[in-house]
Amino acid sequence: MIRWGPYPFLRIIFFFSAGIVIYLQADKYSFATSLLAGLLLFIYVLLYFLSRQKKSTNLNNLVGITGMLLLVTAGYVFTHVFTFRHQPVNLNHPPGTISHYVGVVDDYITQKPASVSSTILVKAVKRAGNWQPAAGKVRLTIKREQANIPLSYGAVLLIKGQPEPVKPPLNPAQFDYRQYLANNQVYFQYYLSGPYFMQIGYEPGNILMAWSIAVRNNMDARLRAAMPSDREYGVAAALLLGIKDYLPEDIKAAYSQSGTMHVLAVSGLHVGVIFYILNFFLGRWSRQRGFKWFRFLVLLGIFGMYAFVTALSASVLRAVGMFLLLVAAETFRRQTNIYNTLAAAAFFLLLYNPYFLVDVGFQLSFLAVLGILYFSPILEKPLAPETYVARFVWKMLCASVAAQLTTLPLTLYYFHQFPVYFLAANLVAITLSSVALVVGLGLLALSWLPLVPIYLGKALSWLLWLMHESNSWLLQAPFPVINNINLTTVQTWLLYLLLVFLILFFARKRLVYFAFFSGLLVVFSGLKIMAAGKRQNNQLLAVYQVPKATALAFISGEQGQLLADSTFYANPKNHQYIIQPHWQELGITKQHTNTLGNNLPGSIATMLLPDGNQLLQWQGLKILRCIKSPRALLVQQVKPDFIILSHRPYLNLDELTPVLKGTAVILDGTNSLRYQEQIEQLLTKAGVICYNVNKRGALLQPVPLKY
C-alpha cells in the first residue's frame with residue numbers, strides 16, 4: 001500500500017487539477033457551485049474537528065473524501081473566477097458600434113519581419129461619439145510599414161477601429177490560435193495597417209515588469225553589438241534572454257527535429273545550470289556557521305537577477321520557484337520530500353494562473369523534472385565511471401533518457417515526431433549550451449568593459465556555431481526523425497498509465513500491476529489497429545481555406561494528392577501549418593503535390609474546357625475550377641458535382657441557375673470579401689448550394705469507396 005503521508009501536495013495538486021480540467025471541459029458555472037464549495041468547506045471543518053475528538057478511522061476517511069471533493073470544487077470555482085471572459089467586459093458590442101478605443105500595452109513586444117504585435121489592456125471605448133469605460137484584452141498586430149514602430153510596454157495607445165472576436169481555425173487540425181489566446185485571457189484581436197494609432201501616454205501596469213523589459217532590451221542591444229553573425233545572435237538572444245523573434249526558421253526546424261529545441265528557450269535547464277555552478281563555488285564555505293542562510297540569500301539574489309534579465313519569463317519563474325522551495329526547505333531545516341516539493345511548486349503556480357495546466361511548457365517541464373528525479377538514479381546504478389568526464393557524460397545520458405521517458409507520450413501527441421538520435425543530440429547541445437550560457441552571462445555582465453565583450457562575443461559565437469553544426473551533422477545521419485506519429489488524447493493517457501503500471505510492477509514486484517499493464521497494452525494496441533483500419537477506408541475531397549490561394553486535396557487511404565496554385569507554394573508555411581496537421585491526423589504517409597493546371601497523376605483526370613476553366617475528375621466526382629466566367633452550356637454538358645470559384649469570375653446567374661441543380665458552388669480563399677458576400681447572397685436567393693470556406697472553414701467531402 002502506498003503511504004501518502006510524505007506527499008500531501010501530490011494529493012492536493014491531483015484533485016485541484018481535476019477541478020480545473022473539469023471546468024475547462026464543461027465551461028459552465030452556476031451559483032450553486034459556489035454554494036457547494038461553501039457547504040463542502042463547512043462539512044470538512046466539522047468532520048476534521050470531530051475526527052480529532054473521536055479518534056475514529058471512519059471519520060478520518062470521511063474527512064479525506066470530503067477534502068478531495070472540496071479540492072475538486074475549489075479548482076473548478078477558482079478557474080471560473082480567474083477566467084476573464086466571465087467578468088463584466090464592454091467589448092462584446094455589435095460590429096461598427098465602436099469607432100475608437102484606448103488601451104495600454106500589457107505584454108512583451110513581438111517583432112516579425114512584416115509586423116509588430118503585443119497584447120493591450122483596453123481602458124475605454126468610443127461609441128456614438130461618447131467615451132465610456134471598458135475592460136478586456138486585445139491582441140494587436142501592426143503591419144510594419146516603417147523601419148521602427150514606436151511600441152513599448154506601458155504605452156497608452158489611441159486606436160481607430162473596433163476589436164474583433166478571435167476567429168476559430170478554418171482548417172481541420174490547424175493550430176487553434178483562438179484557444180491559445182483564450183488560455184491567456186485574450187478574446188479579441190485587431191490588425192492595423194497605416195497610421196491609425198498614436199501614443200497618448202505611458203502607464204505601465206506593473207513597474208517591475210516595465211523595468212525588467214527595459215533591462216532585457218538593453219542587454220539585447222549589448223548582445224547584438226558583440227555578435228556580428230545574425231544566425232548566432234538569434235540563437236544567443238533565445239538562449240540567454242528568451243527572445244525568439246530573431247531565430248531563423250531553419251534553426252527552429254533543425255533543433256525541433258533533433259529533440260533539442262528546449263535549449264533555445266530560457267527554462268529549468270538554464271536555472272539548473274546556474275544552480276549547479278553556484279552550489280559548486282559556494283561549497284567551499286559549507287562548514288561555516290550560517291552557510292545555509294548565506295547560500296539561500298545568494299541563490300535568491302542571483303535567481304532574482306536572472307529572472308529580471310529574462311523579463312520575468314513564466315518558464316524561468318516556474319523553475320526559480322521550484323529550486324528556491326527546495327533550498328528554503330533545507331535552510332529552514334524542514335523535512336521535505338523532493339516529489340512533494342515539486343507538487344507544491346506546481347500547486348502554487350496553478351494558484352497564480354490555473355491556465356498554466358494547459359500550457360505545453362508547464363506540462364513538459366514538470367514531467368521532465370519528475371522523470372529525472374525518479375529514473376536518473378536507477379539508470380545511473382549499473383555503471384560507476386571513475387573519471388570526472390566519464391561520470392559527467394554518463395549522468396547526462398541518463399538524465400536525457402529519464403526526461404525522454406516521462407515526456408515522450410506528450411511530445412508525440414503535440415509534435416508528431418520522434419528524434420532518433422536524441423541522446424547524442426542532447427549530450428552535445430546541453431553541454432555546449434551550458435558553457436554558452438556561462439560565457440553569455442559573463443558577456444552581459446562585463447559588456448561595459450573595453451575589448452572584453454568582443455572576445456567573449458567571439459567565443460560565444462564559436463560555441464553556438466559548433467552546437468548548430470553538430471546538430472546539422474546528426475540530422476544528416478540515416479533516418480534522423482520518425483515523422484507522422486499520430487496519438488489521440490485517449491491513447492496519450494493510456495501510454496502514461498502503461499508507464500505508471502510498469503514502474504509499479506518493477507518497484508513492488510507484484511503481478512497484479514503487470515496484469516494491468518498487459519490489459520492496457522492490449523487496449524492501446526486495439527485502438528491503434530482500429531485507427532489504422534479506419535485510415536485505409538479514408539476517401540475524401542478537401543478544399544482548404546488558404547488566404548489568397550487555392551488548395552484542394554484528394555485523399556485515398558494513406559495517400560494524399562495535393563493540388564494548389566503557385567501562390568500557395570510560394571509560401572512554405574501554407575503546407576506546414578494548413579495541410580500537414582490535417583494529413584498527420586489522417587495518417588497520410590504517401591504525400592504528393594502538384595500545381596493546378598500542370599500534368600496531373602493518372603488517378604486524377606483533367607480537361608481544359610473551351611471557356612478556359614479546368615475540369616477535374618476523381619473517384620466519380622467532377623470538380624470544375626472556374627477562374628473565368630463559366631458558360632452555361634458547358635456546365636450543363638459537364639454536370640459537375642462542385643464548382644470552385646477562384647479569382648472572382650463573373651457569373652451570369654440568369655443563364656447558370658437552371659443548370660446548377662445538384663451542383664454545390666465553393667468560394668475559395670482567392671476571392672475578395674465583397675465578392676464573397678455578393679455571390680453568397682445571389683446564389684442563396686437563387687436556391688443554389690453555396691459553401692464559403694472563408695466563413696465556414698475547409699470543405700471535407702467524404703467520397704463512397706468503389707470496390
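Residue numbering: from 1, along the chain as shown.
Placement of Cβ uses the backbone N, Cα and C atoms for every residue, glycine included.
Not measured: the values here are computed from a predicted model.
Residues or ranges marked as transmembrane segment in TrEMBL: 7-25 (among others). Counting residues 6+ beyond its ends, the transmembrane segment (7-25) has Cβ neighbours under 8 Å at 68, 71-80, 337, 339-341, 343-344, 346-347, 350, 354, 357-358 in the same chain.
Here TrEMBL flags 31-50 (among others) as transmembrane segment.
Feature annotation from TrEMBL assigns domain 'DUF4131' to 35-195.
According to TrEMBL, the feature transmembrane segment maps to 62-82 (among others).
Residues or ranges marked as domain 'ComEC/Rec2-related protein' by TrEMBL: 239-507.
As annotated by TrEMBL, transmembrane segment applies to 261-281 (among others).
Residues or ranges marked as transmembrane segment in TrEMBL: 293-309 (among others).
Here TrEMBL flags 339-356 (among others) as transmembrane segment. Using a Cβ-Cβ cut-off under 8 Å and counting only residues 6 or more beyond its ends in the same chain, the transmembrane segment (339-356) has close neighbours at 6-10, 12-13, 16-17, 20, 75, 78-79, 82, 183-185, 314, 318, 321-322, 325-326, 329, 362, 366, 369-370, 373.
Under the heading transmembrane segment, TrEMBL lists 362-380 (among others).
Counting residues 6+ beyond its ends, the transmembrane segment (392-415) has Cβ neighbours under 8 Å at 256, 259, 360, 363-364, 367-368, 370-372, 374-376, 379-380, 383, 385, 422-423, 426-427, 430-431, 485, 487, 489, 492, 495-496, 499 in the same chain. Among the features that TrEMBL reports, transmembrane segment is placed at 392-415 (among others).
For 421-441 (among others), the entry in TrEMBL reads transmembrane segment. With a cut-off of 8 Å between Cβ atoms, the residues of this chain six or more beyond the transmembrane segment (421-441) that come close are 223, 236, 239-240, 255, 258-260, 263, 269-270, 273-274, 277, 306, 393, 396-397, 400-401, 404, 456, 459-460, 463-464, 466-467, 470-471, 474, 477, 480.
Taken from TrEMBL, the feature transmembrane segment covers 448-467 (among others).
Residues or ranges marked as transmembrane segment by TrEMBL: 487-506 (among others).
Here TrEMBL flags 511-531 (among others) as transmembrane segment.
If one looks beyond the transmembrane segment (62-82) by at least 6 residues along the same chain, the residues whose Cβ comes under 8 Å of a Cβ in the stretch are 11-12, 15-20, 22-24, 29, 33-34, 36-37, 40-41, 43-44, 47-48, 51, 350-351, 353-355. Looking just at the domain 'ComEC/Rec2-related protein' (239-507), the mean pLDDT is 85.
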